[in-house]
Structure formats: C-alpha cells, structure tokens
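Asker: The structure follows.
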Amino acid sequence: SPCAKMDEAPNNRTSLVKGAKDIAKEAKRHASKNFNKAVDRASDEYSAQRSYNRFHNEDEDNYNAYNQPDGQYGDNAANDEDGASSDATEGHDDEDEIYEGEYQGVPASNNENPRDGQVALGLKSLKSQKELENERQADEEELAQQYELIMQECGHGRFQWQLFFVLGLALMSDGVEVFVVGFVLPSAETDMCIPNSGAGWLGSIVYLGMMFGAFFWGGLSDKVGRKQCLLISMSVNGFFAFLSSFVQGYSMFLLCRMVSGFGIGGAVPIVFSYFAEVLAREKRGEHLSWLCMFWMIGGIYASAMAWAIIPHYGWSFSMGSAYQFHSWRVFVVVCALPCVSAVVALTFMPESPRFFLEAGKHDEAWMVLKHIHDTNMRARGEPERVFTVNRIKIPKQLDELVEMQNESANPVLKVLCKIKAELRGIWLTFMRCFSYPVKENTMKLAAVWFTLSFGFYGLSVWFPDVIKHLQADEYASRVKIHHNERIEDFTFNFTLENQIHRNGVFMNDRFLNMKFKAVTFIDSSFINCYFEDVSSVGSSFKNCTFVDSFFYNTDVDDAKLTNSRVINSSFHHNKTGCQMTFDDDYSAYWVYFVNFLGTLAVLPGNIVSALLMDKIGRLSMLGGSMVLSGISCFFLWFGTSESMMIFMLCLYNGLSISAWNSLDVVTTELYPTDRRGTGFGFCNAICKLAAVLGNLIFGSLVGITKAIPILLASAVLVGGGLVGLRLPDTRSNVLM
C-alpha cells in the first residue's frame, strides 16, 4: 500500500546513507594511505636528485587531472579524487555540487561510466573541511618545489627583463605620485586660494586613497589575477591624475587626487607579487631589489620635472578669470606619462603562471611557462631546446559557495551580487592572513611597515615645508621697516617687496600697474589715493584707514583689510581668484633641487642592497638599515643651516632605502601565493596610514618645533628595526 511504501522509504534512505558512509571511510583510508606513500616517495626522490621527472610518474589516484600540452587528459583522470576541480566548476563549493543536479568536472574518456564519477563526488563531499585543507597544504608544498625546478629550467633571461621594465614603469608611477603631493602643494595653495587650515588635506587625501587602494587591489589580485588588477588600477590612476590637472575647484581637485591615489595604491603589492612569481629562488632577492630602483627613478623624474616646469609661471594660459592653467598643472600632466606608458606596455605581458596554477588553471599556466622558456631560449641562441614539462601539480581547490542568479535576473542586481561576492572573497582571504602559520609574521610586518613609513613619508612631505620655513625666516630677516613716513602726490609704478610701513600717511598718491609682494601696512592712512591694476601677494593692511580712495582692477578685498576702516571709498572690477607671482622664484628652484639631491642619494643604497641582498640576508639588512637611518634622522635636530639639513637628509635617504628594499622582498616571500597580494596590500595600507599620520603630525609642527617630529621619527625607526630582526629569514624559501 502507499502508506507501507512511505514507511519503507526512510529505512531505505537510512541504509543508503549508512552504506555510503562505510564506503567513504574505506575510500578515505585507502586514499590517505596511497597519498602518504606518494608524498614520501616524492620527498625521497627530490632529496636524491634535482629533477621533477617524479611528477610525471605518480599514481593517477593521488593527483589532480592534468592536461597534456595538446589538451588531452589521461585515461584515469576522471576517477582522480583530487582532480575534481576545473575551470567548469570554479566557484562551486565541494559540499554544494551534489545538489546542483549536474556536475561539470574534468572531461572524461569516452568509455567512462558517469555513475562512477558521481559516486566519487559523493565520497569527496563527505570529507571534512580540515582534511581538504591538509591535502591542499600538501599539494602546495609539492607545487612549490616543482615550480622552483620549472623556473630553473625556464632560466632567467629576456622575458624577465621585459617584465622588469614594464613593472618598473608601474612602480615609477607610485614614486611620482608620492612626490607630486609635496611639489604641487605650495603652488596649488596659492592658485586655489587654499587657507592654511585646508592645505594639509591635499597631502593626506592622496595617502588615504593609496591606503584603501593597496588593500583593495592587493586582495583582488589574489582573486582575478595580477595583470588584470594592475591594468585596471593603473588606468584609474592615469585617468584621474590627468583629469586633476584641469579641474579648477579645490574640492574637485582633492577628489581627483584621492581617486588617483586609490588607483596607484595597487601598484606596489601587485608589482612585487607579480615579478617574484617568475623568478627562481637564487635570483629573487637581487632582482626584486633592482626593481626597487624604479621607485627612486620616479622620485628623480618628479623632482626634475618640477624643477624644470613649475617655477616657469609664464607656461600658463587663462580664459578670463574663471579658468586658470598655470605651470604646476602642466607638471601634473607630465607626471601622468609613466602611468600611461605602463598601461600600454602591460597589455603585451602574460598573467602570472603561479597565479594560474593556484587558481587551478593548468593549461593557461603551462602555456605561459612555455612562453617564458621559449623566449629565454631564443634570446640565448638555443631555440631548439624543448620545454620538457608536461604536467604540473595543482592544489586542491576549496572555493566558497557563490550566489548564482538566474539568467532573467536584473543585470544591475547581478553586478551588485558579483561585487559583493568579490568583496567577501577579499575579506575572507584577508582574515586568513591572521591565521596559522602567517599570523605572527603579519603582525610583525605591519609594525615594521608602519614605523618605516611613519619616518620616511612624514619627513618627505615635511622637509619641503622646513626648507620653505627656513627661507622664510631668512627672507623676513631682510625686511625693510619704514616708520612715520609721509608721501604726497607720488606715483608708485614699481614693485614693493618685503617691507613693513608703520604709521605712514599717503596723500594724493597713485598706485598704478604695480605689485605688493610681502608688504604690510600697519596703522597707516590713505587719503584721496588711486589704485589701479594692483596685485598684492602675501600683503595686508592692518588697522589702516582709507578716505576718499578709489580701487580699480585690484585684488584688495576684505581678507586683506584687517581691522581697517574704509570711508567714502569705492572698489570697482576687483580681481577674482588668487594672484600668483610671475617672477622666477628662487626658493621654488631650491626646494625641487633639494628633493632631487635627496632622491639621487638613494642610488648608492639601492646598488648596495641589490648586490648584498642574498649575501648578508634580508633581516640583517632590514634591521641594520632602519637603526642606522633612525640615528641619522636624530642628527637632523642639530642642523642649524640649510646645507647641514640637506646633507643629513641625503644620508638618511641613502641609509633607509636598503630597509625598504629588504622589506619588499621579505613581505613577498613570507606569504603563500593564494594570499600574497592580500598580505602585501594590507602591509602597504598600513604604510600609507602611517604616511597620513606622519603628514598631519609633522605638518602641524612646522614653524613651531623641529625637535618633536625628528625625535619621534628616530625613535620609531629604531624600534621598527628591532622588530624586523625578529622576522623569519626567507632567503632559502621557495614561493609557496
């Protein structure tokens, strides 16, 4: 009867489940036994000889299904328990696949029984998450050893040098972005009438954008690939950097520079991850250090362009008083050129093969590795050498469940769900950076990045202001003071500069087509005076009285009339906007030249660090460089002259660059491939956060005291160097 059948159904299901569990236990025991034997045999072979032939002869039961170069699979690949992930199943959770009603796995041979594949899948789904993670860890260790041998076969040659210069342009753009802030700030303040209270935001907003950009793009590169993320991030940077040179309002300029910084934030974490993944172990430390030179080249480029362009105020045009395009805007456009060049060159480079393998894309990885091998062999004059690798170990894929929308869903909703899934994936990968075995290393790296950045970026933004302040003090010491003067029926048609007039009386005087530059009138009276075509830069009228005076086409407004009285006087056709001085400014030349020298001083440190990175070790170089740079920074306190300060700045830069280079190498090598971009991005975000704090703290103390920022920078650098010495040595590591 129907009721009897219903009673029997639960019993049948219970028996089926019990039988499946028994089969699963037996299969798991058998698979584990075979797997351990395979790993032991692989370890013995690897220690006996440096050869990866063993990867071609393992039992198919313990490996993923590998593609041959012609795209064919082995006869037993479909029954491979570890090979149940492919491009077709990417994004599906192992536990979820048995409910999908359809399994699109590794292509089976023609005589394969589909039911066997379904049973294998059901058994696989019963494995605990812990076991799957352990198997993936074993796969990753095996892949790391094999990949190192493959890179040694590919050699180091033309391909790596091509990628070196392409990624160097991207890193150069990051260096340019940092220096643009300090160089543009004084001119942008004047051009856009920025009050002193708002000027600091220009420096901080760029670093905030870079902070969020480093975390976002670094995390995304672990999900969608190094090349694709770097292309998008650099395109964002180039577009908004170019756009920022044309906007007129300060708020829009801030927005464009922030988004530009968000784009360039992805450069450092992706560039180093990308390049490290095509280098053999013995080449990695040295060539990553050579790559760091492009950051220095970016700083030199920005300094040279600022020195050549910004002080030439004649390189400008205007459309009425509403649109001004001064020379500093030309400088911003020129600084976007390295980024544009990097985007164009990057389109011709392949994706990282190590990322492809981590994502389970065997064929794509094999093709890129073969391209690297063939490119290098042709450059050596050995085109006949054949790429002997035909299968590569792929780690077990542990993809999370992704929300799928049906085809009729709202396109906007599908895009939002995709974005949500990517952000969730980035967050989950980020949380894995705080799990064993990299948790302790992440905390130490964050501390070292913060301390090194706080000292370096804080001083790099603060130092131009210090030079400017020292020059202002020297300029003020040469001021001419006039007391109780009385001038009648006189025509002023020349520039008055660096003067103070107290208790003066000006009667029936004419001020025509002239400039006031750093001129202050205090308690003075202007009676029946005529002002026409007058510009006043850094000038003001305090407690002054204007009687029966006439102003035409001047920039004298309420902001420059402090506690002054205007009696029976009129203002007509006043100038709008801030008036820049159109004379060549010696102080501007000096600030850019100082930064040029400071950046050029990095060159010896770069060369030394590259040559010694693999000889004395990353940690010795990191800790020693930070401690020495902290000590040199401390001596800035005793610098009483510009020349002394400049010499100490050059010494500080030359010593600290070795710390930067070694920290980049250590961070790249400490994280496994599946979270390398995320971990590096997090550390770089901490770096930019420290830059923001350093900028705000140091900037607020300019002109008040130099002891506190210098002592603070010195203390954190020494402390960070001591923490860096506690990191594990990665010199002999293969990339996990």
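Just so you know, glycine gets a Cβ as well, placed from its N, Cα and C.
So TrEMBL lists the following for this protein:
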COMPBIAS  1-10  compositional bias 'Basic and acidic residues'
DOMAIN    163-731  domain 'Major facilitator superfamily (MFS) profile'
REGION    1-93  region 'Disordered'
TRANSMEM  163-186  transmembrane segment
TRANSMEM  198-217  transmembrane segment
TRANSMEM  229-246  transmembrane segment
TRANSMEM  252-276  transmembrane segment
TRANSMEM  288-310  transmembrane segment
TRANSMEM  330-349  transmembrane segment
TRANSMEM  445-463  transmembrane segment
TRANSMEM  589-612  transmembrane segment
TRANSMEM  619-638  transmembrane segment
TRANSMEM  644-666  transmembrane segment
TRANSMEM  678-701  transmembrane segment
TRANSMEM  707-727  transmembrane segment
Asker: Which bits of the chain, at least 6 residues beyond where the transmembrane segment (707-727) starts or stops, bring a Cβ under 8 A of a Cβ in it?
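Answerer: Counting only partners 6 or more residues beyond its ends, the transmembrane segment (707-727) has Cβ contacts under 8 Å with 441, 444-445, 447-448, 450-452, 454-455, 458-459, 462, 619-620, 622-627, 629-631, 633-634, 636-637, 656, 659, 663, 666, 670, 694, 697-698, 701.
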Asker: Roughly where does the domain 'Major facilitator superfamily (MFS) profile' (163-731) sit in mean pLDDT, to the nearest integer?
Answerer: 82
Asker: Determine which residues of the chain contact the transmembrane segment (330-349) at the Cβ level, with the cut-off under 8 Å and only residues 6 or more beyond its ends counted.
Answerer: 162-163, 165-167, 169-170, 172-173, 176-177, 180, 183-184, 227, 230-231, 234-235, 237-238, 241-242, 244-245, 264, 298, 301-302, 305-306, 309-310, 315-316
Asker: Would you say the transmembrane segment (229-246) and the transmembrane segment (678-701) are touching, if the rule is that at least three C-beta pairs must lie under 8 angstroms and be 6 or more residues apart?
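Answerer: No, the transmembrane segment (678-701) does not contact the transmembrane segment (229-246).
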Asker: Verify whether three or more Cβ pairs under 8 angstroms connect the transmembrane segment (288-310) with the transmembrane segment (589-612), leaving out any pair fewer than 6 apart in sequence.
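Answerer: Contact between the transmembrane segment (288-310) and the transmembrane segment (589-612): present, because at least 3 Cβ pairs are under 8 Å.
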Asker: Give the one range among 163-186, 229-246, 252-276 whose Cβ atoms make the most pairs under 8 Å with those of the transmembrane segment (288-310).
Answerer: 163-186
Asker: Give the nonlocal contacts of the transmembrane segment (163-186) in its own chain as ranges (CB under 8 Å, at least six residues past its ends).
Answerer: 199, 202-203, 206-207, 210, 230, 234, 237-238, 241, 257, 260-261, 264, 267-268, 270-271, 274-275, 278, 287, 290-299, 301-303, 306, 310, 328, 331-332, 335, 338-339, 341-342, 345-346, 348-349, 457, 460-461, 464, 468, 588, 591-592, 595, 599
